[in-house]
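Listed in TrEMBL:
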COMPBIAS  1-15  compositional bias 'Basic residues'
REGION    1-20  region 'Disordered'
REGION    240-262  region 'Disordered'
TRANSMEM  20-38  transmembrane segment
TRANSMEM  68-87  transmembrane segment
TRANSMEM  94-113  transmembrane segment
TRANSMEM  125-149  transmembrane segment
TRANSMEM  161-181  transmembrane segment
TRANSMEM  187-204  transmembrane segment
TRANSMEM  295-315  transmembrane segment
TRANSMEM  330-350  transmembrane segment
TRANSMEM  357-378  transmembrane segment
TRANSMEM  384-408  transmembrane segment
TRANSMEM  420-443  transmembrane segment
TRANSMEM  455-478  transmembrane segment
Amino acid sequence: MVRRPRGGRPARRSARAGSGGGCCWALPTGLLCAYGFFCNVRPSEPFLTRYLLGPHKNLSETQVFNEIYPVWTYSYLALLFPVFLATDYLRYKPVVLLQGLSLIVTWFMLLYAQGLRAVQFLEFFYGMGTATDIAYYSYIYSVVDVNLYQKVTSYCRSATLVGYTVGSVSGQVLVSVAGWSLFSLNVISLTSISIAFGTAWFLPMPQKSLFFHHVSNQQLSWEMKVMDCKNGSAVQDHPNVQRAPGWEDETKVPLNGEGQSAEKESMQEQKVDIVKVLKDLWQDFLQCYSSQTMLCWSVWWALSTCGYFQVINYAQGLWEMVLPSHSMEIYNGAVEAASTLLGAVAVFVVGHIKTSWATWGEVALALFSFLIAATVYIMDTVRNIWVCYASYVVFRIIYMLLITIATFQIATNLSVERYALVFGVNTFIALALQTLLTVIVVDASGLGLDIFTQFMIYASYFAAISLVFLGSGIYSIMRAYRGQEQVQSRSPESQ
């Protein structure tokens, strides 16, 4: 909700500006949503492990689990920070195109590449496609107004959710009902990604970005802080807000547009100082993580995302060991679709829950992390495919619910630039931890443990997270309670 301008004439101007900008944001949002939808319609993905172990690739379980899948983790980690900077420096669209091209190469090689080294190279390109996903979610912020961020974000995320669900359901139907081969599903996936790649070419090229290409630090700073995420209202008193775009008095707006053209020229002439940008990022990093609340939710984000990535990466391998796909029909696509849709419902519901996360957040994280550990433990020990499927669905629902709460807590009172920074840092730490876990537990050069032992370690990992946050939560509640007692004991004395 944007602050209402004072006086009648600015209010009328603001209304006209809002209505006139509808076409400006609708086109790039529609194109980006189309890209996100087709990019995620990949009916072959829930059956990837079965495809690699089958006659098409004829790879062994050890090769797939201990030598191929770890490459994705390593490449994702290595590319994340360079892609984070390149996305902003190149102004998003080139990196969106790079993502589409990386996924095209991935699925083309999935169809025709043979041998261990070729499939490992394929995983590198898939890691590149995953790392460049940040361009998809940040592109839209450079071409729409601040007051539309919430709306366009929901559209873009919904497009990927619907695309993934359509891909999973269609894959399951084509395999179980129509009897299509997994090779045919990969052809459909490649076709859908190619359509997405073609759509991305029509995206407008942004003229600004968060860090390297902005009008001015002061103007962008106030523009990003017009919305107060904490209480849903706008910043009330600072005079600089009045000078942000859209807040001008009509008597001060040049009728011939000379001011706008001069502004564009100054933006084009502004030189990019990479060293200064990196210094500003470092200062923002120190300020963001100096908050205890921010640090708490970020630590959980990084730790849990590390474990989440490991579980979803190797869940198909666990199912394959519990019930080999060559001996019975499998329902991986239906399970992925169900977990995604039910997770979306949980995310929607949690948005309407009113509770004091500042007080009870750590205890809630501890309890839900324990439930996650329980679901992973059940998947590992109860060797029944339907129990594994059900536990996986519950696992994803809980994680999606908690990561939504964590995202909201972290985003509160953060500008868009700092949110992007915190998101990138938390993801990088999660991938660094996942890489360490992969090297020790999964990789053939490390322990190279079997899939059941791996999942027992993942269950213990989430149990450890639960214990840490339970202890921290109890300490925080006791400290808050003692603080209230001290305040109450001092109030009679002051009277």
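Just so you know, glycine gets a Cβ as well, placed from its N, Cα and C.
Nobody curates TrEMBL annotations by hand; they come from automatic prediction.
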* Does the transmembrane segment (455-478) reach the transmembrane segment (295-315), going by 3 or more CB pairs under 8 Å (6 or more apart in sequence)? -> yes
* Mind pulling out the one from 68-87, 125-149, 357-378 with the most Cβ pairs under 8 angstroms to the transmembrane segment (94-113)? => 125-149
* Asked: Between 68-87, 161-181, 295-315, who has the most Cβ pairs under 8 Å to the transmembrane segment (420-443)?
  -> 295-315
* Mind checking which residues reach the transmembrane segment (161-181)? Cβ under 8 Å, same chain, six or more beyond either end. -> 36-47, 188-189, 192, 329, 331-334, 336-337, 340-341, 344
* To do: Given the cut-off of 8 Å on Cβ pairs that are 6 or more apart in sequence, determine whether the transmembrane segment (330-350) and the transmembrane segment (68-87) share at least 3 such pairs.
  => no
* Report, as numbers and ranges, which residues of the same chain sit near the transmembrane segment (295-315): CB under 8 Å and 6 or more residues beyond its ends. => 65, 69, 72-73, 289, 361-362, 365, 369, 372, 376, 379, 392, 395-396, 399, 402-403, 406, 409-410, 422, 425-427, 429-431, 433-434, 437-438, 442, 451, 454-455, 458, 461-462, 465, 469, 472
* **Winner by Cβ pairs under 8 Å against the transmembrane segment (357-378), considering only 68-87, 125-149, 187-204, 384-408** => 384-408
